[in-house]
Amino acid sequence: MTLSNIQQRIPKRYVLGLLGFFGLFNAFILRANLSIAIVAMVTPMNETTSNNISRIIPAVHNWSTTTQNYILSSYFYTYCLFQVPAGFLATKYGGRILFGGSIGLCAFLTLFTPLCAQAGSGALIFLRLLEGLVSTCVYPALHDIWSKWAPKSDKSTLATFAFSGAYLGTFIILMFGGVIAADWSWEWVFYLSGLFCLVWTAIWFYFTAELPSTHETISEEEAKYIEENRDQAISQIDTIPWKDIFTSLPVWAIIAVHFGTNWSLFLIFNEFPTFLVKSLGFHVDS
């Protein structure tokens, strides 16, 4: 059996699910990399030479705790404010371009993190504001993708699998980011994560399509199966019932659940590495 035959046999919606998994994997690495790298940036490091002589390398930046908090939280200012407009963009322009483009652009911006850090905290805050802005499209775009690609019987499985990549990405960067910062330098936390995400972006655009009907290598049977079994698109309405939305108890229940989940997750992003080093005395690489 040739490689082309194997590729033909693999359902393209599963390939999309795998790429979506690594897309969110990368998106959350880009989101959390500064949380671990900033510890190395503001903490003196111990270095052991080949002669077993230890010396202390001064901290690269002498930012106060308040400044560090501004830097770490700046990403989320624009990320939170532009979620709803990002949903409209995903509906209008399609999820494939926005999902891959937002992660790819954020990865490109990440490569400039060391340069902006050298320029000062203001430049770094501005860069993180831009990264948060371009990242707002990630989740709305992925929801739009599954509305077009997932049959009703597979939708929950495909979406859950893809979304789980976010948590693995967070785990990986928090686990290995400190090792990279200690063994190489904190700059390489951003260089490696940015380059890795750019490689994923190229793979994403090469192997995916906006619709099953426009995919070059999908089988006719799978394309027909998806088209006939996916949820039907909701027709456009002239006015949005905002009053009914904001007076709906289920809507507020969902908001409360998301608020609690994201609060705890983003708290881990921003504060956990610093807490381990400053309060519990852990080394950056541990």
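Placed from the backbone N, Cα and C atoms, the Cβ positions cover glycine too.
Annotation comment: TrEMBL describes 12-286 as domain 'Major facilitator superfamily (MFS) profile'. Among the features that TrEMBL reports, transmembrane segment is placed at 14-42, 70-90, 97-120, 158-182, 188-207, 249-269.
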### Query
Can at least 3 Cβ pairs under 8 A be found between the transmembrane segment (188-207) and the transmembrane segment (70-90), with each pair 6 or more apart in sequence?
no
### Task
Report, as numbers and ranges, every residue of the chain located at least six residues beyond the transmembrane segment (249-269) whose Cβ falls under 8 Å of a Cβ in that stretch; write 'none' if there are none.
31-32, 35, 72, 76, 170, 174
### Query
If you count Cβ pairs under 8 Å, which stretch among 14-42, 97-120, 158-182 touches the transmembrane segment (70-90) the most?
14-42
### Query
In the predicted model, what is the mean pLDDT computed over the domain 'Major facilitator superfamily (MFS) profile' (12-286)?
87
## Note on the structure
Long-range CB partners for the transmembrane segment (97-120) (under 8 A, at least six residues beyond its ends), listed in sequence order, are 20, 23, 26-27, 30, 33-34, 37, 41, 60-61, 86, 89-90, 126-127, 130-131, 134-138, 140-142, 144-145, 186-187, 190-191, 193-198, 200-201, 204-205, 208, 210
## Note on the structure
Near the transmembrane segment (158-182) in space but 6 or more residues beyond its ends, with Cβ under 8 Å, are 13-14, 16-17, 20-29, 31-33, 35-37, 39-40, 45, 142-143, 146, 149-150, 188-189, 192-193, 265, 268-269, 272-273, 283-286
